[in-house]
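Shown next, in structure tokens, is the structure this report addresses.
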Ligand SMILES: Nc1ncnc2c1ncn2[C@@H]1O[C@H](COP(=O)(O)OP(=O)(O)O)[C@@H](O)[C@H]1O
Ligand SMILES: O=C(OP(=O)(O)O)[C@H](O)COP(=O)(O)O
């Protein structure tokens, strides 16, 4: 990290109001309760440092990907209870992240108090990196702290642009420890080096693969991402997740992998279901043979074995994205099997780095968090950092 970037230890927050970008993009269940608070817990050291110094913390985050206006299921109000429980103190909630009310609540904040702002992405200006919006956010605090490692790959108003408006801008403890751990692998990874990719954010992450091909020896693709590969190879994928406009790109990626001598390992079978529901009719299909009216929601048993063998062979493992819809018990076996293989490889001496909001939640759900080398709160951010990119959220902190 650029040595000119300061961190929370370089400042006293006494009598100050810190505007803190956190990543509270946590999973919620149907009743809008937080199902995994890893990202909240991870932000506590920074928040507590500010409060213990005699400062006040104004926390801002996104939650999910709202369409550009308020939506109840994406309200940060849903996480207030979990945050209060984790912090052990009351949290004041601002129903909008900018405007008169937010400014008044911030103004009235006393040392030791915490204000949580409503979802930043209820304003489309956030993801556009709008300068006026960033300026409005900046009015709320005296010091800017970025501790949102999971969102540091986004050049958004609250993650990057807002920093321009502060003389004091620092990174938090989470950001520091994430970068430090990732750098253990970045410089000189022990080989064989295997990356495992899955999940549902296909459009974003497919682009990252191209860069990863310059780094890894083996690339395993599972989860929602794998069906675009199966389709590109001429298979049928029913109603499975598909990134239609990336079909040609995927074929090019496969050629690039071959040219670079990277072993690309794709699923050979898949658990299929008639609907996106735990109790829907289920079956198994070979790769690229999913009938119409069915969708692939997990890797199949042969794939579990194939992937596990590759992982066991590795000295460095980087994993982002679940292998299936692990939130439902009918489709969690692939993710669990891969987690078990990563744990076994770690016990055999490999360094394992698992990242992503949902991936971290999955590893937590299966009880393996302590059995891997490091669980990162960032998925896309971790991958982009591992590509060797300077993350915009980090670059913005250079004085
Ligand atoms: N085959 C699949 N079809 C639909 N969704 C999937 C599939 N495989 C995985 N997923 C979903 O991917 C989501 C996680 O994706 P992503 O956000 O990319 O991971 P992370 O948060 O770990 O970076 C999970 O909610 C999981 O249910
Ligand atoms: O969950 C996140 O990323 P991840 O799914 O890569 O772990 C971050 O909160 C970033 O969210 P975004 O991908 O909607 O910008």
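Placed from the backbone N, Cα and C atoms, the Cβ positions cover glycine too.
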Quiz item: In TrEMBL, 23, 24, 25, 39, 62, 63, 64, 65, 121 are given as binding substrate, so which of 4, 89, 154 is in that site too?
Solution: 154
Quiz item: If you draw a 10 Å sphere around the Cβ of residue 62 (substrate binding site), how many other Cβ atoms fall inside it, taking every protein chain shown into account?
Solution: 27
Quiz item: Are any of the binding-site residues 121, 296, 327 near ligand 2, with a Cβ under 6 Å from it, and if so which?
Solution: none
Self-check item: In the chain carrying residue 64 (substrate binding site), residues 6 or more apart in sequence that have Cβ under 8 angstroms from it
Solution: 25, 73, 74, 119, 121
Self-check item: Maximum Cα-Cα separation in Å among residues 205, 296, 327, 356, 357, 358, 359, which the record lists as binding ATP
Solution: 22
Quiz prompt | Close-lying binding-site residues around ligand 1 among 23, 25, 62, 64, 121, where CB distance stays under 6 Å | solution = none
Quiz item: Judged by the number of other CB atoms within 10 angstroms, which among 296, 356, 357 is the least packed of the binding-site residues?
Solution: 357
